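Okay, structure first, notes after.
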Amino acid sequence: MRKLLKPVKDVGIVGYGAYVPKYRIKAEEIGRVWGVSSFPIEEKAVPGLDEDALTIGIEAARNALKRARIDPKLIRAVWFGSESKPYAVKPTGTVIAEAIGATPDVSTADFEFACKAGTEALQTAIGFVGSGMADYAMAIGADTAQGRPGDHLEFTAGAGGAAFIVGEKSSETVAYFEGSYSYVTDTPDFWRRQHEHYPRHGNRFTGEPAYFHHIINAAKTLMEELGLTVNDFDYAVFHQPNVKFPLTVAKILGIPKEKVLPGLLTGIIGNTYSGATMVGVSAVLDIAKPGDRILWVSFGSGAGSDAFSIVVQDAIEEKRDLAPKTMDYVNRKKYIDYALYAKARRKYIM
């Protein structure tokens, strides 16, 4: 059975963009409050009082449009992936589509699959454009993740997102998709029930049965189907709930950490959930050279992974400077203390 996912028409990334809020809190500051002295990351991004997954998605989408240099009316789909969208009943995609000027001739939907909701939207965009149904489609992954006060997730749950505009492969695409593959099972490693404010995690399922099993199987199957090895890739971006997990995956697969570090941002902005690998790939595209090949593997609890192989094209040299680069946002910082952080994240119950 053919496992590789590849559309009828070759497609690529016409434009991409990321956004990370400027506020930061040091892991040490969170640890001070809860009496913890060892931390999985250095610091994380915190959304401002007027920011949420929707506003992050809009900023990322606008940056993607700047690089794409296309009329937003040509975008026939705006698909938004998040597990922290601001409305329980009301699509976020419609607001983003309106904000960027893509309405009314456009399909919109909100995708959910924990931390791989954004790449799930991307898989759909690839198929939508690759089938000939549309010239362009936009996929966005963004989150303002929450962690229960004092829980280890509070140290890593960050904020940020990225958007990718998919179009038919041409001289205008900054990178093209060689193929993709999705690997999914029913694994209860992480969940949040309706009306609950904070997620829960099934500790014994978190590592090996969920994250490592799915990412490694997705990566290996994609490479086997494409006839590639780890040596054929110049960069690798894996889902990054922390710094340790993606580096462990790289070691298991035999990928030098030097190929992983450029897209590994969790240590300085936190885990951006649906935005994690998408923000990482945007950072890699900001520095990659034409001909570079990128291995991109997401993970979403519940559980599943999407794996992509993309090859950078000549257009990247011109387009990368048309919008703020990912590290421009990462390096733009304003530190806050735990009291302001708790206020911004609405942890105070009045």
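From the backbone N, Cα and C atoms, a Cβ is placed for every residue, glycine too.
If you look up Swiss-Prot, you'll see Glu83, His239 marked as active site, proton donor/acceptor. According to Swiss-Prot, the active site, acyl-thioester intermediate annotation covers Cys115, on the basis of sequence analysis. Positions annotated as (3S)-3-hydroxy-3-methylglutaryl-CoA binding site by Swiss-Prot: Cys115, Thr156, Thr206, His239, Asn271, Ser301. Per Swiss-Prot, CoA binding site is recorded for Arg204, Lys244, and the stated evidence type is sequence analysis.
Feature annotations (Swiss-Prot) mapped to structure.
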| residue | record | CB count, 10 Å |
| --- | --- | --- |
| Glu83 | active site, proton donor/acceptor | 23 |
| Cys115 | active site, acyl-thioester intermediate | 32 |
| Thr156 | (3S)-3-hydroxy-3-methylglutaryl-CoA binding site | 25 |
| His239 | active site, proton donor/acceptor | 28 |
| Lys244 | CoA binding site | 14 |
| Asn271 | (3S)-3-hydroxy-3-methylglutaryl-CoA binding site | 28 |
| Ser301 | (3S)-3-hydroxy-3-methylglutaryl-CoA binding site | 27 |
>> When you rank Glu83, Cys115, His239, Lys244 by Cα distance to Ser301 ((3S)-3-hydroxy-3-methylglutaryl-CoA binding site), which of the recorded positions ends up on top as the closest?
In response: Cys115
> In Å, rounded, how far does the Cα of Lys244 (CoA binding site) sit from the Cα of Thr156 ((3S)-3-hydroxy-3-methylglutaryl-CoA binding site)?
Replying inline: 12
> Whole-number Å distance between the CA of Thr156 ((3S)-3-hydroxy-3-methylglutaryl-CoA binding site) and the CA of Cys115 (active site, acyl-thioester intermediate)?
Replying inline: 13
> Within 10 Å of His239 (active site, proton donor/acceptor) (Cα-Cα), which of the recorded positions Glu83, Cys115, Asn271?
Replying inline: Cys115, Asn271
> Which state, by DSSP, holds His239 (active site, proton donor/acceptor): helix, strand or coil?
Replying inline: coil
> Whole-number Å distance between the CA of Asn271 ((3S)-3-hydroxy-3-methylglutaryl-CoA binding site) and the CA of Glu83 (active site, proton donor/acceptor)?
Replying inline: 13
>> To the nearest Å, how far is the Cα of Glu83 (active site, proton donor/acceptor) from the Cα of Cys115 (active site, acyl-thioester intermediate)?
In response: 7
>> Taking DSSP as the reference, which of helix, strand or coil describes Ser301 ((3S)-3-hydroxy-3-methylglutaryl-CoA binding site)?
In response: coil
